[in-house]
Amino acid sequence: MSATATICSEKNFAVQTHPVKAPDEEYFFEGAEKLLELWFCSTKGITDTSLRSIPRSEIDNMLDVARCKILHSKHNESIDSYVLSESSLFVSDNRVILKTCGTTRLLAALPVLMQLAGTYAGLDQVQSVYYSRKNFLRPDLQPNLHKNFDAEVEYLDSFFEDGHAYCLGSLKQDRWYLYTFHREVEFPANKQPDHTLEILMSDLDEEVLHKFTKDFAVDGKDCFMRAGIDKIIPAGADVHDELFDPCGYSMNAYMNDTDQYATIHVTPEKEFSFASFETNQDLVCLYSQTRKVLQCFRPNKILMTVFANDISVKGKDAQQQLWDRELPGYRRTNVQFVRLETETLVYAHFVRKAPHDLTSSSDEDDGERSD
């Protein structure tokens, strides 16, 4: 778009026009992810098929709808792990976890996923749905489907009856949105311990940001070691990651012979810095792992959630510690407990303490527990 300046004389001499260039809009990237987790089942009691039988070409087409693509993948006997151009995808026998950042259209891929599950895996029914995200910094830049949570809820309700929607946290601070749905089914899968820890971090320490740029590290593997990610991920995990050019980092890891995973994503631009960590692993204490994550990224603001079903001892323990204890160096501004259809959830929000608020006792109490 251009404006025109016009100059005329009293004798109607030729008009002079001067195009005026509109200022370029400042670059911005929304690091906060949209997260969709779906659990599938069969109305016919089929047990010998898997979502992992969906062809790669069909997965690529589904991700095209969401406006992202696969960069590389790894697999074991229980899970397929994909690092995406915008975050991650994990596929196991009856669960899909799709996590995308930026201005992706994640929920637009929902009907495609449901169709693929029925066509290629015989899993023709969604048993459980979890859709969540924190509030966006720039919701005005999101596609219409994701501009506000009300629109997302309306869209999800068009697929699932009796879904539940929540907003946790203060409306004056960072907050977290959640949509859940659960269906009682005729052929339930054998129930296993299940939990998920998610840590959403913003306003990262400036000394940390440069570690996730091509000026600091050569590639993902180099960044994994030099930025300290190796201290977070349990020993023996299989890792694949990506260091973007000129900056940004994504990592997936899975624990051998299980469908347990961990994923990290970093948006290191100072003006809108963000990092996330998510895992369902049970090899190490989740509270201890949380401490390691915070030591690595040193965020000024933290939003944490822990899901746990009734038989997850590790998840219940992490929830109790998050409820009872402060994180050294941080002040908890909010903590909430929610009982969902099939599990419990603890949400907490923290801000970094000012230097004069720090005490030696809080720093020395590292909260480490043996496993």
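Count begins at 1; order follows the chain as displayed.
Every residue gets a Cβ built from N, Cα and C, even glycine.
Since this is a predicted model, take the numbers as computed values, not measurements.
Around the Cβ of Phe244 (substrate binding site), the same chain contributes Ser250, each under 8 angstroms and 6 or more positions distant in sequence. TrEMBL lists Phe29, Glu86, Phe244, Glu269 with the feature substrate binding site.
Sequence annotations record features per position, and here TrEMBL assigns active site, schiff-base intermediate with substrate to Ser87.
Shown in sequence order, Glu33, Cys68, Lys99, Thr100, Cys101, Ser250, Thr263, His265 are the residues of the chain, 6+ apart in sequence, with a C-beta less than 8 angstroms from the C-beta of Ser87 (active site, schiff-base intermediate with substrate). What TrEMBL records for Ser87 is pyruvic acid (Ser).
The active site, proton donor annotation in TrEMBL covers Cys101.
Annotation source TrEMBL lists active site, proton acceptor at Ser250 (among others).
According to TrEMBL, the feature active site, proton acceptor maps to His265 (among others).
Ranking the recorded positions His265, Glu269 by how many other Cβ atoms lie within 10 angstroms of each Cβ puts Glu269 at the bottom.
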